[in-house]
Amino acid sequence: MARSSSSSGAGKAALLNPRTTTYEWGGPLGAFGIVNGLPLVIIGLNTLCSDTSAGLLEGLVKLPQAIHANFSNALPNLQTAVAVEVAWLVLHSLLYLSPLGHKVNGLPLRDGTRKVYNINAIHAYLLSHAVLFAAHAFGVVNLAWLAEMFAPLMYGAIIISIVMSVLLYFASFRKSGGKEMLLAEGGNTGSAVYDFWVGRELNPSLGMLDLKFMCELRPGLIGWSILNWAFVIQAYHQYQAASAVQSNVMVSFLLSNINIVLISIFESFYILDGLLLEAGIITMMDIVYDGFGFMLCFGDLAWVPFIYTLKTQYLTSHRTSLSAPYILACVALHVVGYLIFRGANTEKDRFRKNPSDPRVKHLKVMKTSAGKSLIISGYWGICRHPNYVGDMMMTLAWSLLTGTGNALPYFQPLYFTILLIHRQLRDEEQMKAKYGEKDWGAFCKIVKYRLIPFVY
C-alpha cells in the first residue's frame, strides 16, 4: 500500500514537473562554459575599459596581469562593496513589498494557481534616484564615489549573484506541503550544471517577495542608470579640476561632454519606459517559461549594471570630440529606434487587449486553427520582431556617441544583436509549437522577414 502511495505521488510530481527532454545553449557542456565564461567577460571588458595606457590589442595581450592588478586594487574595498550590493537588494525588496503601486495577476500556471505581482518598479526608480541625488546635492554622499568603487562593486555583484544562484538551485529541491516546487519547463533536465544555468524553480519566493520578478527590472536596470550618472558626475569633477575656465564650468562641461550626458539621458529614458510598462513583462518568456537560475540572476544583478555602463565608463577616461552633425545623426537614430520599439510594442499590446480598439482594428490578421489571430500588417507585417529592430537601433546609437576610436563601447550592441537573434529563434520555436507547424509556416510565408527586411 505504501508503495502504491509512493508511486502515485511520483506520478503526480511527473505530471506537475515533466522531465525536460531537450537542451538549449549547447547542452550541459555549453552551460558549463557560459557559467564560467560570463564573469570573466565582465571582468575582462571592464579592466580593458579602465586601462588608458594601451590600445585594445595591447590591452588584450597584457590582460591577465591587468586583471590581477585590478582585483588586487579592488580587494581592500570588497567587503564594503558587498555590503552596498546587499543593501541595494534589500532596498528594492522592501520597495517591491511596499503598498506603492498596484497589483496584477500573472498568467495561469501548470498547477492551476496564478501569481500576484506588485507593480511599482517606477516608484522604486523615482524614489532611489530622488533620495540619492538629493543626498548628493546636500553633500551627504558623493555619487562619484560609486564610479571610483566601480571595480569592487563589480566583483561584489559577481559574488552575490553566484551565491544567490547556488542557494536558488538547492532550494528548488525543497517540498511545500509534501509537494514539489513548480519547476521551469526548460530547467528539469536532471543535469545539475544545465539546470543551475537556466534555472530550476519557476517562481522562487520568500513569502510575498517573488525573487525573479523583483530582480527582473529593479536592482540591475535602476543600478545601470545610477552608475551612468555617477560616471557623469565623475567626468564633471575631472573636467572641473583640469579646466582653465573659472566661470560657467557646468555650461562648458556640457558643451564639451554632451555625448556622455546624452547617453545617460537616453538610457535612463529607456529604463523608465520599461519600468512604466512593468505589467507587460508578466507575459514575457523570462517570467512565464524560464526558471530563476544563474542565467537570469547573474544577468540581472551583474551583467546589466556592469556591462551596459561600459560606454559612460569609457568616456570618463577617453576624451572624445564629436561633430554636431554626427551627434545629431546619433540622436536621430535613437529617436527612430525608440519610435519603432515603442510603436510595435504598443500596437501588439492594444490588439491583445482589445482587437476592436479603433487604433488597431484596421490591422489584418491570420486566423489559426487554434482560434488565435496573428497580426500580418502594421509594424508586425513588416517583420516578425520589429520591436527587436528598434532595440538594436537604440543600443547602436548609444555606442556611436562614444566615437569610433575603440571597439569596447560597441560590445553592448554586438551582444544585444546576438541575444535578440537567439531570443527570436527561441520565440519562433515556441510559436511553432503553440500554433502548429502548418499555421506557423503559413504565417512565415506572409511575414517573410524575421528582423531586417530583405536581409534577415
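Backbone N, Cα and C define each Cβ position, glycine as well.
These numbers come from a predicted model, not from an experiment.
Copied over from TrEMBL:
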type	residues	note
TRANSMEM	124-147	transmembrane segment
TRANSMEM	153-171	transmembrane segment
TRANSMEM	249-272	transmembrane segment
TRANSMEM	292-310	transmembrane segment
TRANSMEM	322-341	transmembrane segment
TRANSMEM	396-421	transmembrane segment
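As a quick check, the transmembrane segment (322-341) and the transmembrane segment (249-272) clear the bar of 3 or more Cβ pairs under 8 A, pairs 6 or more apart, so the two touch.
Among the recorded stretches 124-147, 153-171, 292-310, 396-421, the one sharing the largest number of Cβ pairs closer than 8 Å with the transmembrane segment (249-272) is 396-421.
Stretch with the largest number of CB pairs closer than 8 A to the transmembrane segment (292-310), among 124-147, 153-171, 396-421: 153-171. Outside the transmembrane segment (396-421), and at least 6 residues removed from its termini, the chain residues within Cβ reach (under 8 Å) are 45, 48-49, 55-56, 259, 262-263, 266-267, 307-308, 310-311, 314-315, 318, 320-322, 326-327, 329-331, 333-334, 337, 385, 388, 451.
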